[in-house]
Amino acid sequence: MPGRNGWMADIYVEVPAKAVDRPYSYLIPDEWREEVQIGSRVQVPFGPRTLIGYVVDVREGELPPRVKAIQEVLDLQPPLTPELVGIGRRMADEYLCTTITALQAMVPSVLKGTYQKKITLATDYDQREVSASLEEMFGSLSQAISEGNGVISWDEACQIQGIHRGILKRLSEQGFIRIHEVVGDKITKQTTTWVWLTSPSDGEMMLRDLPKRAMKQREVFSYLLEKGVEVPLPDLLSATATARTTVKSLVEKGIISWEEREEYRDPYAHRTFEQTTALSFTDEQAAAFEAIMKPIEQGEAETILLHGVTGSGKTEIYLQAIAEVLVKGKEAIVLVPEISLTPQMVDRFKGRFGSQVAVLHSRLSSGERFDEWLKIRRGEVKIVVGARSAIFAPFERLGIIIIDEEHESSYKQEENPRYHAREIAQWRIQEHQTALVLGSATPQVESYYAARTGEYRLVNLHKRVHGRPLPEVEVVDLREELAQGNRSMFSRSLKTELMECINRGEQAVLFLNRRGYSTFVMCRDCGETLACPHCEISLTYHETNRTVRCHYCGYASQLPKCCPQCESEHIRHFGTGTQKVEAELGKAFPGIRVIRMDVDTTSRKGSHERLLHDFGAGRADVLLGTQMIAKGLDFPKVTLVGVIAADSMLHLPDFRAAERTYQLLTQVSGRAGRHEYLGKVIIQTYSTDHYSIQAAAEHWIEDFYRQECQMRKLHLYPPFRRLYTMVISHPDRVRVLQYGQEIARSLNQGTFQYDYQVLGPVPAMIPKIKDRYRLQIMIKYEANPDLNAYVKERVRQATQVQDDADLRIQVQRDGV
């Protein structure tokens, strides 16, 4: 006998586990038929629980037996577009994560479900006889439930003396209590009550009718009559020094009206943006603009690498391309690295496009981020400027995607799903048939190679705007400084140039990619180095509160007075961090004004913007910082850049070490001499002959990429091979080694049939983090679709070899 027909939805529920990583079919009740769409967030029964899920398909057909129904639709408008649902499913396949993890990554965190257990008394509990062993506990529990207006939370119940999970389970099984799963989210909307006169034309007459003794009511009425427009309730109460009850009395009399309205939390409401207009292009800029507009005009998907030296005017090209896209009724996404999303960058876009711009970054509160996202979803803005996750902006008429500083590693997410924003952008332009612009003065090696081999279109900007020269760069050999008796962290050249810069009333930027005071603390008697008890990494000394901290897990303790190993008091700090540089600047240049920018000084909301504003206003001579000052900053009076230790990243065990050194040096050098003053850069290093440092100093981009590609080809690294890197971790040192060997054996089974290499397992670069031992396996293979699919499937199978709750396997592609 055929079953009945009806409408169903395929739904992924919020359980990020491989065992349930598939869509489940639910009946769409008639009352929800119009509301349930692809991308909707819904509430559904799942086993004994109620969960939130996302709809990935809607269809009509024969209903399966005992099909469960959707309980509720949670949003008026689906948070995800059909395009984003498709991208989520593709991410799950490409990045080897669960589909729900991918879908959740595309929406604000406040939309993720919250689940609470609530306890009530059963309706017929008084008709049952409680056992002697449970009588006292049930008496305490039932009293607490009664005092809680008939319901208490699971956590509150477990705080009652004698009650624990097992007791609650027994009381539930015996029918004395009911345990309910309450589903919600973290959305909180900001509202303001607005007040106005019900009948302004009759105002004078109504004022006369108010009793003269009702002085406050008359004052409120007179204020509204004088304003002649609706006003926010807080402003009214403040202006009239009255209470809400006074206003409520007037509302009840029908004299005034009020209404509560949802309002956006605007992080830039207090800011005034100076409106700007399009600037005239140089010939190079005009040619670049035309190259970008060509695929947009023709409706073709194309990736364009815009390689422009620092200060060449890339941002102005972005702005004018976006303006053209808006004229066509389309939308734009602009990705900027988190550390480059400075007030200056926001000013450029807000100043040109005003309220059409939404800004998304981690320094916003969760409520502010949600409201900015809501503007995008409702179609109230046309441009989003943001960090990595802004690539998922739910635009449906996307006209251009721009990734500024495209080489930045922060575009790769470090936790599941381990996506790269550039790859998601390429998927999206295929859907919308438009342009992706990758902008950088120091493109990633893979991007430059793709442009040179014709996969991307290469567009060059060789000159700074207004013909300003690139800064002069001097490389100082620290070995010679030491031989000449200079043991200071500042070379003689840097000291001289810094003093002259300050005397001229100009400003300097000093760069060091290490925060803290000293990079490690060691006993000079026994050689013991203070290490984190939870990670195999040395602790960093912080002078401000005399603590040692782990920058991986957050562990902190006071600096010991003696060595914990031999009890010697000869403990010394070694290495150099930004705090120490700040202290040494004060000694070498008495009276110097320094602003230090690192994670420690910018942790509070608004501190990043405030420090940059103070430096721009001339309240400091030197801006000292880590890589957050290396890019995105443009200060007219900065004429000197000093790199304290250019070797800090060069000798890391990472095949990208030379590339990142070159990029960082070139980017930080670009902060000098961007306006009418000439710039000077001093790079201090022990590796003067390394090609990455020489190329940065001489502005030899072609030489750098040629030598770097030779090294990559020789050692079989991207772009000449694809990589999968697996990090296996476990609290037990022996078991993690066993698992690593088993996974490697599983992966090696396919090497007889296909050409790929399995390297490892070996200890990870940091072999222990947060009490978990870590091993690494690397797989190298040629880039072709068949082999990529095969290796991906081998990795997927290998990650499912063991059933151990403590085992974690992280997989990432190409080591970005």
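Heads up, the Cβ atoms here are built off N, Cα and C, so glycines get one too.
Curation does not apply to TrEMBL; its annotations are automatic.
So that you can see what the record holds, here are the features copied from TrEMBL:
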DOMAIN    295-461  domain 'Helicase ATP-binding'
BINDING   C523, C526, C563, C566  Zn(2+) 1 binding site
BINDING   C532, C535, C550, C553  Zn(2+) 2 binding site
DOMAIN    558-720  domain 'Helicase C-terminal'
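Overlay of TrEMBL feature records on the structure.
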residue : record                : DSSP class
C523    : Zn(2+) 1 binding site : strand
C532    : Zn(2+) 2 binding site : coil
C550    : Zn(2+) 2 binding site : coil
C563    : Zn(2+) 1 binding site : coil
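Other residues of the same chain near the Zn(2+) 1 site, with their Cβ within 8 Å of the Cβ centroid of C523, C526, C563, C566, are R524, D525, G527, E528, C562, P564, Q565, E567, S568, H570, I571. Using the Cβ center of C532, C535, C550, C553 for Zn(2+) 2, the list of other same-chain residues with Cβ within 8 Å runs, in sequence order, P533, H534, I537, L539, H551, Y552, G554, Y555, I769, K770. C566 (Zn(2+) 1 binding site) and C532 (Zn(2+) 2 binding site) have their C-alpha atoms 18 Å apart, to the nearest angstrom. All chains included, 21 other C-beta atoms sit within 10 angstroms of the C-beta of C523 (Zn(2+) 1 binding site). Residue pair C532 (Zn(2+) 2 binding site) / C563 (Zn(2+) 1 binding site) shows a Cα separation of 14 Å.
Every protein chain shown contributes to the tally, and the Cβ of C550 (Zn(2+) 2 binding site) ends up with 21 other Cβ atoms within 10 Å. A straight line from the CA of C526 (Zn(2+) 1 binding site) to the CA of C535 (Zn(2+) 2 binding site) spans 21 Å. Long-range Cβ proximity for C553 (Zn(2+) 2 binding site), meaning a same-chain Cβ under 8 A and a gap of 6 or more residues, is found for C532, H534, C535, I769, K770.
The two recorded residues C550 (Zn(2+) 2 binding site) and C523 (Zn(2+) 1 binding site) have their Cα atoms spaced 18 Å from each other. Within 10 Å of its Cβ, the residue among the binding-site residues C532, C563 with the fewest other Cβ atoms is C563. The most densely surrounded of the binding-site residues C526, C535 is C535 (count of other Cβ atoms within 10 A of its Cβ).
Cβ neighbours within 10 Å of C566 (Zn(2+) 1 binding site), excluding its own Cβ and spanning all shown chains: 12. In the predicted model, residues of the domain 'Helicase C-terminal' (558-720) average a pLDDT of 87.
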